[in-house]
Amino acid sequence: MSSVRIECVAKEGCRIGESPVWDEKEGALLYVDITGRKVCRWSPVTRQAQAIPVDAPVSSVALRKSGDYVITLGTRFAALKWKEELVTTITQVDKDKANTRFNDGKVDPAGRYFAGTMAEEIRPAVLERHQGSLYTLFPDLSVVKHFDQVDISNGLDWSLDHKTFFYIDSLSYSVDAFDYDLQTGKIGNRRSIYKLEKEESIPDGMCIDTEGKLWVACYDGGRVIRLDPETGKRLQTVKLPVDKTTSCCFGGKDYSEMYVTSASDGMDKEWLSRQPQAGGIFKITGLGVKGVPPYPFAG
């Protein structure tokens, strides 16, 4: 394990960095700053991040087959044209609720965009309970709601055989699995596969590696953990120099680098002085595993 290296690559701290996605075509890392209201793209060549400002909290970004990106913005699924800095609404959800916003989102192996909502936070991880729902935006731009009563809709990914959907509702402190039907996008038979321990704190974003193991970023836990979804055992813990680790993905030329987003919202001056890299983007190398390239939205 001594070969694991952690480097803060994007230091212009995000308020709530989230949803890292590797864009192979651009050779760059996409991510969002939710409360900072911007979509960012960091290049390992220039070592600079470009940012596009948006008009609402932006909680996830995904590749689009036809080019450019799709994002979740407020309670909208939207399209983002990068060069033009142009955002257009695709559709809106939670129309009956004044006080929710999207949180994490990811595209499934068939090109559908899954994303869930939550109540607007009073302060980090403090919010009205059970206000969120999980949705899918289909390639024909129709939307299906899977279930509601969600606290903080978070990490999502799919097993390598595409038969299981993994999902996190953060305040349940659990990583859950569902049976998954790739043909229809339907989910069912929910069960918990891992309960977080006290020091791991709150499960946030998640990704899968080529061995079928899950990596979960632990918000307020300052770490990413590797889990075996078959046995429910924790296999590895990688600690980071910041507490508010929010999400993770694999990227780089061969998907052997892990990128971890973090947040600085909710930290006072003294806390920030101890963790000056809070809100930064971290690159982890030497894990000895690779990740799965992200799927693009097919619509």
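Backbone N, Cα and C define each Cβ position, glycine as well.
Noted in TrEMBL for the protein shown:
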- Asp204: active site, proton donor/acceptor (ACT_SITE)
- Glu18, Asn154, Asp204: divalent metal cation binding site (BINDING)
- Arg101, Asn103, Glu121: substrate binding site (BINDING)
- 16-264: domain 'SMP-30/Gluconolactonase/LRE-like region' (DOMAIN)
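Each of Ser19, Asn103, Asp104, Ile152, Gly155, Ile168, Ser170, Gly205, Ala217, Tyr219, Thr246, Ser247 belongs to the same chain as Glu18, Asn154, Asp204, is absent from that list, and has a C-beta within 8 angstroms of the C-beta centroid marking the divalent metal cation site. Applying an 8 A CB threshold to same-chain residues 6+ apart, the list for Arg101 (substrate binding site) reads Ala56, Pro57, Ser59, Gly74, Thr75, Thr117, Met118, Glu120. Under 8 Å, Cβ to Cβ, and six or more positions away along its own chain, Asn154 (divalent metal cation binding site) finds Asn103, Asp104, Gly116, Tyr167, Ile168, Asp169, Ser170, Pro203, Asp204, Gly205, Met206. Comparing the recorded positions Glu18, Asp204 by how many other C-beta atoms lie within 10 angstroms of each C-beta, the top residue is Asp204. For the substrate site, the Cβ centre of Arg101, Asn103, Glu121 serves as reference, and the other residues of the chain with Cβ at most 8 Å from it are Ile34, Pro57, Ser59, Thr100, Phe102, Thr117, Met118, Ala119, Glu120, Leu127, Ile152. Spacing of Glu121 (substrate binding site) relative to Glu18 (divalent metal cation binding site) is 16 Å (Cα to Cα, whole number). There are 18 other Cβ atoms within 10 Å of the Cβ belonging to Glu121 (substrate binding site).
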